[in-house]
Amino acid sequence: MATAAIIGGGVIGGGWAARFLLNGWDVQVFDPDPEAERKIGEVIDNARVSLPGLSDTALPPEGRLSFHDSMSEAVAGASWIQESVPERLELKRKVYQTLQEHCEADAILGSSTSGFKPSELQGCASRPEQIVVTHPFNPVYLMPLVELVPTEKNAPALIERAKETLKGVGMFPLHVRKEIDAHIADRFLEAVWREALWLVKDGIATTEEIDEAIRMGFGIRWAQMGLFDTYRVAGGEAGMKHFMAQFGPCLEWPWTKLMDVPEFTDELVDLIAGQSDAQSGHMSIREMERVRDNNLVSMMRALKAQNFASGAVLNQHDKKLSAEAGMVRKSADIADPSLPIVTQRRAVPVDWLDYNGHMTESRYLQAFADASDRLMEIIGCDQEYIATGGSFFTAETHIRHIDETHLGSVIEVRTRVLMAEGKKMHLWHEMYAGEKLLATAEHILIHVSLETRRPAPFSPEIAANLKMIYEAQADLPAPDGLGRYVGQPR
Ligand SMILES: NC(=O)C1=CN([C@@H]2O[C@H](COP(=O)(O)OP(=O)(O)OC[C@H]3O[C@@H](n4cnc5c(N)ncnc54)[C@H](O)[C@@H]3O)[C@@H](O)[C@H]2O)C=CC1
Ligand SMILES: C[N+](C)(C)CC(=O)CC(=O)[O-]
């Protein structure tokens, strides 16, 4: 089991702790704040609800979380040390001196700093080659981006190892090749933040109007295509050159105050904080975090369906998780074919819930259909086979709802082959949370030719795999509820 040390467990350190822990790492925290354990616990509770919902496969078992009274204890055995102490250079440098007296020389020491360059952090260190910037985004347990900023003192092998580790916990390391204050993303955020402060100070817009301008418009665009691709499309058929010709000159018009920062007078702080209270003061920060997390999960799940941007990163992570969890993908991997085959294991995400606060009925069919797809793959009807023109169509489905299924529950579908002859297979799925039966599904699927769209006999490989599973499972008792019709008395 890999171990991460979290040094500083505030907003960002707590998020890192959740990211590592829920991806199966042991996590050792040092933070002198007596409230740190409670605060991190609350962040991890939020993450436990939201992060598993990003995946269409189960996360690994959680690692072990422990809190320590000294940095030396926290870094013992850690291969990754994430520093997230307040943004003060002298403090960070002092922390590195202590850390390097105790940590492994080959551990990676990542700093969450939003603004300092890695060379500034490496400045007084005994082993500068161990320190890189790994700048995350809040909430760290959901946002994929980490700006990985090394210097020439970091060996290429360490940079590669850092990338692999970050990908391993589902993140997207963006290698910032040339160090600069505030890296890449924070330079944008600072520019937008400065302009927004002017708009409020000059009485042009309220904090709420500015938020609407972002979330109803360009914020949605940026989340999927970023800046340059968005503008390329906005140039019409002539693309980027036309866009620049049309909108380039206006950069010189007096549209922007981006070079100046308004003075943070008490009056300005009160104005902005007052408007912000009026806008959202009716909600606690934890409530706002939950709203934010649900929205982020739903948006990123939509991008997963398109396999685009952050959605593509999540799909890659799912593949890795599913391989590591030992999910069966071909018949030769079935450990004991006489038992029902586990064809799905995943957490219930937020966009699978309905107004009754439990999993909505269409998602039962989705989970069972995904289980049938997996069974098809196992018997040899995979993407490659389908490309040759053979597949299955579902002819009939009967679902029974036995118990409620809730947000974040890890559901498992176990599948039996009840009959497989000629062109027809009869499947029985049971959905469980732990050992609690939640639902069953009975399906008849017909093997077809995708060319004629008509029934066609199984391929010899599919026929042999189905026969093997059917015969091995033949001694299992008939499932309770088999062949029920709608409305039959229970
Ligand atoms: N808040 C944000 O949106 C983001 C912050 N960051 C960066 O993350 C770092 C931490 O920021 P936040 O989590 O927002 O601050 P925070 O104030 O929420 O947390 C800092 C934590 O460090 C602890 N701490 C103070 N001295 C310490 C020491 N000597 N050893 C160990 N822990 C110590 C504090 O008790 C506190 O819990 C900063 O470098 C910041 O620039 C990066 C991305 C986003
Ligand atoms: C405000 N901030 C500069 C600390 C923000 C970040 O560093 C990244 C983020 O999460 O927005």
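Note that Cβ sites are derived from N, Cα and C of the backbone, with glycine treated the same way.
Unlike curated entries, TrEMBL annotations are predicted automatically.
The annotation NAD(+) binding site is assigned in TrEMBL to Gly8, Gly9, Gly10, Val11, Ile12, Gly13. The domain '3-hydroxyacyl-CoA dehydrogenase NAD binding' annotation in TrEMBL covers 4-178. Among the features that TrEMBL reports, domain '3-hydroxyacyl-CoA dehydrogenase C-terminal' is placed at 184-248.
Within 8 A of the CB centroid of the NAD(+) site residues Gly8, Gly9, Gly10, Val11, Ile12, Gly13, the other residues of that chain are Ile6, Gly14, Gly15, Trp16, Asp31, Ser84, Val85, Ser112. Summarising the environment of Ile12 (NAD(+) binding site), the number of other Cβ atoms within 10 Å of its Cβ, over all protein chains shown, is 24.
Secondary structure at Gly10 (NAD(+) binding site), taken from DSSP and collapsed to helix, strand or coil, is coil. Of the listed binding-site residues, namely Gly8, Gly9, Gly10, Gly13, the sparsest Cβ surroundings within 10 Å are found at Gly10.
For the domain '3-hydroxyacyl-CoA dehydrogenase C-terminal' (184-248), the DSSP counts in helix, strand and coil order read 55 helix, 0 strand, 10 coil. Neighbours of Val11 (NAD(+) binding site), defined as other CB atoms within 10 A of its CB across all chains, total 16.
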